[in-house]
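Accompanying notes for the structure given below.
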């Protein structure tokens, strides 16, 4: 086997990725965060005990790996309390989301109503954009005479 020695070709850049990020809608800071799964509920508690037992280990990956191994070794009965907590958090999240969605819908409706009312007010007062220019031309003709 012979390998060519020299410059390597640069990997082709993905063209569509930069446009996809730019087109994303901005995240709403008021939107409720998704609830953690049963594993992450377990990991919250496991992290505390792991840090007490292993104060020298600073790597986040080590905590995650140890937590994953421990979670796999747990029986269904041992996982049940974490799954119950996760289910409770999920129901709370769903309530928050329904309230959030209602608030979003009402805000959209208010925006539509305010835009509609502006156009209705303009129509009632009889304001049109083109009338002003004609009036100015008539005034100029009078000055010339």
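Keep in mind that glycine also has a Cβ here, set from the backbone N, Cα and C atoms.
What TrEMBL lists as DNA-binding region is 32-101. Per DSSP, the secondary structure of the DNA-binding region (32-101) breaks down as 56 helix, 0 strand, 14 coil.
The compositional bias 'Basic residues' feature in TrEMBL is assigned to 1-24.
Residues or ranges marked as compositional bias 'Basic and acidic residues' in TrEMBL: 80-89.
Annotation source TrEMBL lists compositional bias 'Acidic residues' at 121-145.
Among the features that TrEMBL reports, domain 'HMG box' is placed at 32-101. Averaged across the domain 'HMG box' (32-101), pLDDT for the predicted model comes to 94.
Annotated region 'Disordered' per TrEMBL: 1-36 (among others), in sequence order.
Under the heading region 'Disordered', TrEMBL lists 65-89 (among others). Beyond its flanks by at least six residues, the region 'Disordered' (65-89) meets 35-43, 46-47, 50 of its own chain at Cβ-Cβ distances under 8 Å.
For 101-145 (among others), the entry in TrEMBL reads region 'Disordered'.
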